[in-house]
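Chemist: Sharing a structure, written as structure tokens. Questions coming.
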């Protein structure tokens, strides 16, 4: 399944190892017992989450294919417990694909981590026009440099942070939950929130018990609980 995100981005689950039962079996291996009844297995997952026994969830592993603006990817890569492989602009030419927002935000004075949408239509349109003009000019210069024979590894330095990139992300469920705590939250940048919310949908579908327990006992954000 592919989730369309932002104007040109996407999120795909391309591989997965384990599910709720993988965490159950990992937790019970210490005393030689495996899967029991579904009710007891679910209760065990809830017990593990409530009491902070998180290592069994490392046996559930997801691999995602992500297309996102570079500024989103750079925030994503700060989650270091996981494996990343990204498309290289040293060896490939960038396509004419950039994130063009449909709204403009301004900072909240009381909370520097939050930003709210601008209602002033004149200000909004002026800002969006400036953004689009800057992007178009940067890409024009990039193409001119390539046509002059400048190496891709040098020509790329003029490209904006709104350029789309693609990468694979392999992550275990424990680290994925940490990602959701930080990015499925109103303090995170709006663009990465959109990816986090779709990851949460996949997590809920593939590991419903673990996701339910996570929301009940370990989730520290606000967007998955009706936050703004």
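Glycine residues also receive a Cβ, built from the backbone N, Cα and C atoms like all the rest.
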Chemist: Same dUMP site as 75, 76, 77, 78, 86, 87, 88, 89, 90, 156 according to Swiss-Prot: which of 12, 28, 183?
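Modeler: Answer, per Swiss-Prot (dUMP site with 75, 76, 77, 78, 86, 87, 88, 89, 90, 156), from 12, 28, 183: 183.
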Chemist: Which of these, 55, 63, does Swiss-Prot say binds FAD at the same site as 78, 79, 80, 86, 172, 173, 174, 178?
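Modeler: Swiss-Prot lists 78, 79, 80, 86, 172, 173, 174, 178 binding FAD, and from 55, 63 it also lists 55.
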Chemist: Restricting to the same chain and to residues at least six past its boundaries, which positions have a Cβ under 8 Å from a Cβ of the motif 'ThyX motif' (78-88)?
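Modeler: For the motif 'ThyX motif' (78-88), the sequence-distant neighbours (Cβ-Cβ under 8 Å, at least 6 residues beyond its ends) are 165-172, 174-175, 178-179, 182.
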Chemist: Given the recorded positions 79, 90, 183, which one is most crowded in terms of C-beta atoms within 10 angstroms?
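Modeler: Counting every other Cβ within 10 Å of each candidate, the maximum falls on 183.
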Chemist: By a simple count, how many Cβ atoms lie within 10 Å of the Cβ of residue 173 (FAD binding site), its own Cβ left out?
Modeler: 27
Chemist: Could you give the maximum C-alpha to C-alpha distance in Å for the residues 55, 78, 79, 80, 86, 172, 173, 174, 178 that bind FAD per the record?
Modeler: 27
Chemist: Taking only the binding-site residues 55, 77, 86, 88, which one has a CA atom nearest to the CA atom of residue 183 (active site, involved in ionization of N3 of dUMP, leading to its activation)?
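Modeler: Result: the closest of the binding-site residues to residue 183 (active site, involved in ionization of N3 of dUMP, leading to its activation) is 77.
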